[in-house]
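Notes for the one structure printed next.
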Amino acid sequence: MSVIKMTDLDLAGKRVFIRADLNVPVKDGKVTSDARIIASLPTIKHCLEAGAKVMVTSHLGRPTEGEYAEEFSLQPVVNYLNDALDCEVKLAKDYLNGLELNAGELVVLENVRFNKGEKKNEEELSKQYASLCDIFVMDAFGTAHRAQASTHGVGMHADVACAGPLLANELEALGKAMDKPARPMVAIVGGSKVSTKLTVLESLSKIADQLVVGGGIANTFIAAAGHNVGKSLYEADLVETAKKLMDECAIPVATDVACAKAFDENAEAEIKHVSEVQDDDMIFDLGPDSTAELAEILKNAKTILWNGPVGVFEFKNFEAGTKGISEAIAASEGFSVAGGGDTLAAIDKFGIKADVSYISTGGGAFLEFVEGKVLPAVEMLEARAK
C-alpha cells in the first residue's frame, strides 16, 4: 500500500499535527500504564529534533462530546511527557482558532473528544484542525478503523497527510503477514465465540495454510467434528458454519482436551481424549498431545498470525495450551505478528515479547485489517499519496 511516510519529509520549521494514540489509563491524575505514550515518543522526538513546530493530540476515555471534563483531560499525559522529554510541554485547551509555536516546541492539544463534531467527522471541525498545520501525521493505528475528524477528516484537508512511524510499521508488518505471506502460513484464532470472530475466520481461511482455533471457538469445531463437548461454551447454531470452514481450510481439531466440572480457578484439570468428554464436562484448554501437535505445525511455519489464547490461560491449571503455543511461536524462525488484548496479556504472562516479530498496537483496527476491511484512515492516506 502506498502512503507518504513522515520520515521521508523535511519537517524543519513546519507546523506538524500528530494524531497519536495516547488513550492511557489514569488514576488520581497519574498515568498508570504508559505503553502507548512510550510507543509514540520516537515520532514526537523525530519531529522536535527536525526543528518542527509540533502539536500532538489524542482522545482519552469517553467524555460527552463537546463538553470539557477534567477526568478525561490530557493533562496527566502532558505531565508524563514533561518528564520523559525533559522539556517544557504545554497543554492547549482552546486551539481551534490557531496557535503560535516556535520551532522545536511541543504543545499537546486537549482531548479531541471535547470538540463537537469529532466522532461524526464533521467537515467544519476537520478544516479547523487542518488550518493548524502544514503537515498532518496519522500515527494512531488503534483508531485507524474510525472515520473521525482527527483521524480522517483533517487528513483530507491538510496540505500534506502522511503516516507516522508507528502506523507505517504496523501496516508493513500486517501487509507482510496478510498480503504475500512466506509459506507455510499459520493463523491462530482464539476467543470465546465463533460469532465474534466469524469474519476473521472466513478471511484467514482463504489465506492460511493451517488455521488453528482455540478457546471457546475450538469447542464449536470439536462439536462439528462429531464429538460431545458436554457443558462447554460452544455455539450449536454455528456448527454447520464450522463444518464449511473445515472443508475449505486445514483446521486441526484437538485430539485431547483439559476439562473440569466447574469454571473455577482451583478446579483440577482432567486430561481426556475428545471422544471421552462427558455430558457434565467443561473444556477449558487443549490437552498435551494437541498442544504438541500444534507446536510442531508452528515450528515449520514461515509466517504466523496470532489472535487470541487457546484456553483459559488466566487459570494456572488451564494455561498449558496457551503457554505451549506461546513458546512455539517464540522458538519459531518464521515471521510472527500478534494482536488483541488477551493475546498481549498472554505474551506478557509467558515472557515472549522479545521473540514475537511484531506486536500490534490496535485492538479493533487489527481485527478489521485481518478481516480484510478497508481502514478509513489508511484509505485517506492512500488517496492523499496520489
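The chain as shown is numbered from 1 upward.
Glycine is no exception: its Cβ is also placed from the backbone N, Cα and C atoms.
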### Query
If Swiss-Prot says ASP21, LEU22, ASN23, ARG36, HIS59, LEU60, GLY61, ARG62, ARG146 bind substrate, which of ARG113, ARG183 does it name for the same site?
ARG113
### Message
Among LYS193, LYS197, LYS206, which residue does Swiss-Prot annotate as binding ATP at the site that also has GLU314, GLY340, GLY341, ASP342, THR343?
### Response
LYS197
### Query
Whose Cβ, among the binding-site residues ASP21, GLU314, ASP342, has more other Cβ atoms within 10 Å than any of the rest?
ASP21
### Query
About how far apart, in whole Å, are the alpha carbons (Cα) of ASN23 (substrate binding site) and GLY341 (ATP binding site)?
15
### Cβ neighbours within the same chain of GLY340 (ATP binding site) - under 8 Å, at least six residues apart
ASN307, GLY308, SER360, GLY363, PHE366, LEU367
## Note on the structure
Three-class DSSP assignment, LYS197 (ATP binding site), comes back as helix
### Task
Have a look at the binding-site residues LYS197, GLU314, GLY341, THR343 and say which one has the shortest Cα distance to GLY61 (substrate binding site).
GLY341
#### Entry: Spatial separation of ASP21 (substrate binding site) from ASP342 (ATP binding site) - C-alpha basis, Å
19
